[in-house]
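Swiss-Prot lists 100-128 with the feature repeat 'PbH1 1'. According to Swiss-Prot, the feature repeat 'PbH1 2' maps to 139-161. Residues or ranges marked as repeat 'PbH1 3' by Swiss-Prot: 173-195. As annotated by Swiss-Prot, repeat 'PbH1 4' applies to 196-225. The feature repeat 'PbH1 5' is assigned by Swiss-Prot to 236-266. According to Swiss-Prot, the repeat 'PbH1 6' annotation covers 313-333. Annotated repeat 'PbH1 7' per Swiss-Prot: 334-356, in sequence order. The feature repeat 'PbH1 8' is assigned by Swiss-Prot to 357-382. Sequence annotations record features per position, and here Swiss-Prot assigns repeat 'PbH1 9' to 406-427. Residues or ranges marked as repeat 'PbH1 10' by Swiss-Prot: 456-478. Per Swiss-Prot, repeat 'PbH1 11' is recorded for 529-554.
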Amino acid sequence: MAEFILNAADFGVPRDGKTDSTERINQCLSTAVSKGYHTVWFPKGTYLIDATLGGDLNQRFRNAGIIVPGNLEIMMDPECIMKVIPNSSWGYSAFYVGKQENITISGGQIIGERDEHTYASAGIRSTHEWGFGICIEGCSNVVIDDVKISDFTGDGIIVSPRGLKTNQDYRTSEQIIIRRCEVRRSRRNNISITGCDMVTVEECLIEDAGTGNGTAPKFGIDIEGYGEGDVDYEEPINVSIRNNHFVGNVSSSVTNFNGYGILIEGNHSDNTISYGYGTQTVIKGNILRRPEDAAAAPRVGITGLGVSQGKETSDAVIAGNLITGFSTGIDVRGKSVLVTNNKISNFENTGILVYQSSDVKVDGNQIQNGLSETRRSIGLRAVLSDDIAFLNNCLIQVVDGVNVSGGNMIIKDNLLRKFSRGIWIAQGNAVIEGNTLNPDAFEAVPESYSVSVTNNAGAIIKNNTFKEFKNYPIYCSTSAKTSIIGNHLERSPLLVTIYISAGVHEIFDNTISVNRTAGNPIVIYLNGSAGSIISGNTINNLSAGTATAIQTNTSTNSKIIGNRIFKGTINKHSSDTIDGNMIV
């Protein structure tokens, strides 16, 4: 096998850290391919690279620096250093791989010159964000393995197509693998993926993108094709980002700005992971932990931006992630999103926020320890959204459990424990069914209502269980209709247990027990309503004194029918209909 490996030292490539090695390296690689070598070995040493050499006049990073031919493996000793010579160009490439196939680059260190760079004025290119460590354009079957890349004025690695998708000469990059690399301190992004099919980034350390004099967007990994309106000129599809460690990247760890079919799995991250305007993104099994000493600016663990122009849905799945220490755990935006089996803790603002979204299912998540000295934390929140389902979630130790402002909602089979205010519907229409609500002597702030419906919101409050409350378990002040059906309220200690004001309401088949230590409690109090129905309820007064089981004297035309009342009375209005009630 040795005869198929060309040692760059034998070819006379300088590695003294004083002599420009670029032209000699290019000659070495070209000779290796022409003579049938499959591998070129670079031994220990410092190789100075003119990353501007040969660059295209319009795209200075193209055909610049070390030009890697196809069907070749470049192997570098761990102490082989490829060091870019300081320059003033707005764009360059240490290694350029263009329209080639079957290439491996492994080992060694590729070091840029961001700290020595001269940031000369360059018009629209004045950001100098196109200085790359490895630039891959329109290639197939490329592997970057165990390479340390740092300190570039643009990106450590960029994977792009050659040409535009609207032209016949468009050539995407496909079957690209970046693994076991360390990519650090790029001014723009550590890795950019702009146009591709089948790219994998795995088991890498991706650190400190955009720090210092960084330039936007400052992402660990940016998956972002160029497009205008609903036309894609570059298309990143089928990308897997898995089992990487992200540390200290300024704006986000991974952002799928507009890619298709993106998997982000099993990563460790201290900053945001975003599905952006992407389509068919799966974010699963990641550990997101915000350090306690991190910057105080609000941060979101997992987020999105919305539906891409020209597309109908986001089709995103956010599943099985562990998120702790962020201001907001998950911020959902777009259409057709599933958020399931995530665990979110130690947040200040919101566990899961659904904002300007539709067709979103939030199912089976555990949200806990939402405590803040400056704001009321919220476990689940929906704002300006429609067709949203909050199902089977467990919310523990939050100030406000569920807060809804607008749209149609289903809130079903959730467990809320240790909260101040449980479920609050401020706008829209909600079905609140099968939930268990237990404030359980919450002490962080004074206890408020377990379920409340206000303003002009409407709700069906059905088959819920209320335990250990010290304030209204059900409070409605809405002008719209509510139906309160089949709920179970245990041992109320309150002077008034259910308070309903204004609107027209149905209060059917609820089971309520009351045990107040002083005074005469009122169990159902209907105030300022006209034409409501109270029927089939079982009210069991365990208090020493007699209770007013149903009070409607400040409402009109109420129908009080078929209720079972133990140790209580009815205080009605003269216009009410009373029939078939059993009072014991």
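Even glycines carry a Cβ here, placed using N, Cα and C.
Remember, predicted model here, so these are calculated numbers, not experimental data.
Most Cβ pairs under 8 A with the repeat 'PbH1 10' (456-478) among the ranges 100-128, 406-427, 529-554 are made by 406-427. The recorded stretches the repeat 'PbH1 1' (100-128) and the repeat 'PbH1 11' (529-554) do not share 3+ CB pairs below 8 A when only pairs 6 or more apart in sequence are counted, and are therefore not in contact. Non-local neighbours of the repeat 'PbH1 7' (334-356) in the same chain are 275, 277, 298, 301, 304-307, 312-328, 362-372, 374-375, 377-385, 388, 395, 398; each lies 6+ residues outside the stretch with a CB under 8 Å from one of its CB atoms. Under 8 Å from some Cβ of the repeat 'PbH1 3' (173-195) lie the Cβ atoms of residues 112, 114, 128-129, 131, 133, 136-161, 165, 201-226, 234-236, 239, 249, 259, all in the same chain and six or more residues away from its ends. Taken as a whole, the repeat 'PbH1 11' (529-554) shows an average pLDDT of 96 in this prediction. Sequence-remote contacts of a segment are chain residues at least 6 beyond its ends whose Cβ falls under 8 Å from one of its Cβ atoms, and for the repeat 'PbH1 4' (196-225) they are 114, 119, 127-129, 159-161, 172-190, 232-259, 262, 269, 271, 276, 278. Using a Cβ-Cβ cut-off under 8 Å and counting only residues 6 or more beyond its ends in the same chain, the repeat 'PbH1 5' (236-266) has close neighbours at 190, 193-211, 214, 216-225, 227, 272-286, 305, 308.
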